[in-house]
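J.: Sharing a structure here in structure tokens format.
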């Protein structure tokens with residue numbers, strides 16, 4: 001017996017509340033990317049303020065170790081947030097934890113701007129602390145946003161809706177660049193003096209970077225009320241809390257066309273029928289590994305593989321835009337940060353956002369698996385194109401051709417695995433494990449991000465010590481780093497082909513049991529039910545109050 005309210009959700013027409021949910025959930029991802037990507041120009045300002053020495057004849061630069069630590073603490077916090085909030089989303093409820101993660105992001109964004117004091121050591125220490133807390137909030141938003149959107153959407157447009165939520169990251173990058181450009185331009189105009197050289201950083205610059213960080217809390221704060229006012233998802237209420245009537249009533253308040261009385265028989269059947277003890281296997285049990293272990297491996301490994309080249313390529317930007325802008329010693333602090341933000345805006349508008357839109361449009365037509373394979377393959381192809389002639393040509397002739405190839409890697413990461421790895425974990429697992437498994441997959445991705453953002457940033461440095469900038473150590477060179485990253489992408493394509501199932505046009509309950517990789521057939525060649533088809537939702541409900549991690553017995 002299948003719950004009619006869930007079947008109705010799968011076939012519900014697309015309506016206003018679906019788009020409202022996209023905005024509510026998307027604002028978290030918008031804030032995530034704003035906070036993660038505004039740190040690059042902020043580090044330019046902090047370097048000028050706290051590491052400047054006009055007598056040296058060069059602008060102050062944040063030491064590589066400090067900049068790396070600032071990135072690493074945020075990503076480490078994200079790993080913890082994804083694991084903790086993912087688990088609590090299944091244990092306590094998606095809606096209850098949703099407001100808490102947003103509140104943590106808002107508070108941490110404001111606190112990052114205040115950073116307590118104005119001495120270098122104190123500012124950097126407190127900034128690292130608040131960026132770590134911000135990372136926890138950001139990490140918590142990933143599994144909750146994806147799970148909530150997947151459980152609200154109908155099966156025809158579920159992939160497009162989750163992709164639309166994730167696409168708000170692109171607008172967050174664009175917004176962080178626009179806000180940084182506006183603030184630095186305004187401060188530059190307000191403090192412009194004829195006798196001030198580019199190496200003299202005005203005291204007001206210490207206020208500018210704080211404002212940039214604090215502005216990131218505004219869009220998230222504006223959606224806080226709507227987050228806490230959202231009803232719990234029907235699947236959590238019906239399948240985990242086992243309250244079918246409440247699930248139906250909640251959905252009837254926000255979605256038109258759902259008549260509570262039409263589904264009363266579900267609750268009556270539950271009340272009258274004998275209640276056998278439902279399976280109580282936990283996440284750490286052999287039964288879970290047998291049923292869902294391969295899917296969890298497929299999601300976690302794909303996310304790990306894509307985040308290595310994605311985050312390392314983001315941090316290569318500083319070496320790519322330099323030939324197109326004046327050297328740092330020829331511009332002041334505001335102009336230097338402005339140029340970094342301007343380049344980020346160009347990449348976001350020209351490649352990142354179009355890549356997200358392409359996924360939204362094609363994902364229900366092409367499928368998650370094919371888009372992920374294609375994205376990995378073309379990311380690797382363009383990284384190989386950058387790597388091959390790097391030492392002999394690109395290193396000395398960085399031009400528009402290089403920028404185009406670089407932008408195409410971002411386009412196919414977003415029209416590819418960077419988006420699909422966010423979608424697939426929200427569709428493959430049972431309701432009582434869905435948020436937890438998404439959090440585990442996302443945490444694996446952020447481990448890859450740390451490897452890419454920190455490891456490859458240092459590894460890409462020149463092999464000759466004389467060619468390495470102050471504070472860096474010799475590495476394997478940019479060409480070798482790009483070749484390794486391209487190889488990682490090709491491994492991702494093969495991994496997707498071997499392990500990632502297709503989930504399009506199937507209900508979440510159908511996806512729980514696996515089935516054909518192409519997602520087009522639910523029956524075997526004899527026309528009988530596939531042995532992997534999902535049991536009835538009523539037969540797999542956990543005991544009320546049962547921990548998703550509790551093992552049987």
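Keep in mind that glycine also has a Cβ here, set from the backbone N, Cα and C atoms.
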J.: Please find, within the list 272-288, 323-339, 374-390, the residue stretch that TrEMBL describes as transmembrane segment.
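T.: Going through 272-288, 323-339, 374-390 one by one, TrEMBL gives transmembrane segment for 374-390.
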J.: Counting only CB pairs under 8 A, let me know which of 66-85, 161-187, 207-226, 293-311, 343-362 has the most with the transmembrane segment (21-46).
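T.: When the Cβ pairs under 8 Å are tallied, 161-187 comes out ahead.
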J.: State the non-local partners of the transmembrane segment (207-226) in its own chain: residues 6+ outside its ends, Cβ under 8 Å from one of its Cβ atoms.
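T.: Residues 20, 23-24, 27-28, 30-31, 34-35, 38, 41-42, 45-46, 49, 99, 102-103, 105-107, 109-110, 112-115, 175-176, 179-180, 183-184, 187, 334, 337 contact the transmembrane segment (207-226) from elsewhere in the chain.
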J.: For the domain 'Major facilitator superfamily (MFS) profile' (21-504), would you mind checking the mean pLDDT of the predicted model?
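T.: Summarising the domain 'Major facilitator superfamily (MFS) profile' (21-504) by its mean pLDDT gives 87.
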J.: What stretch, picked from 66-85, 161-187, 478-499, has the most CB pairs under 8 A with the transmembrane segment (293-311)?
T.: 478-499
J.: Short question: which residues 6 or more past the ends of the transmembrane segment (343-362) have a Cβ under 8 Å from it?
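T.: For the transmembrane segment (343-362), the nonlocal Cβ contacts are 37, 40-41, 160, 163-164, 166-167, 169-171, 173-174, 176-178, 181, 317, 320-321, 324-325, 371, 406-408, 410-416, 418-420.
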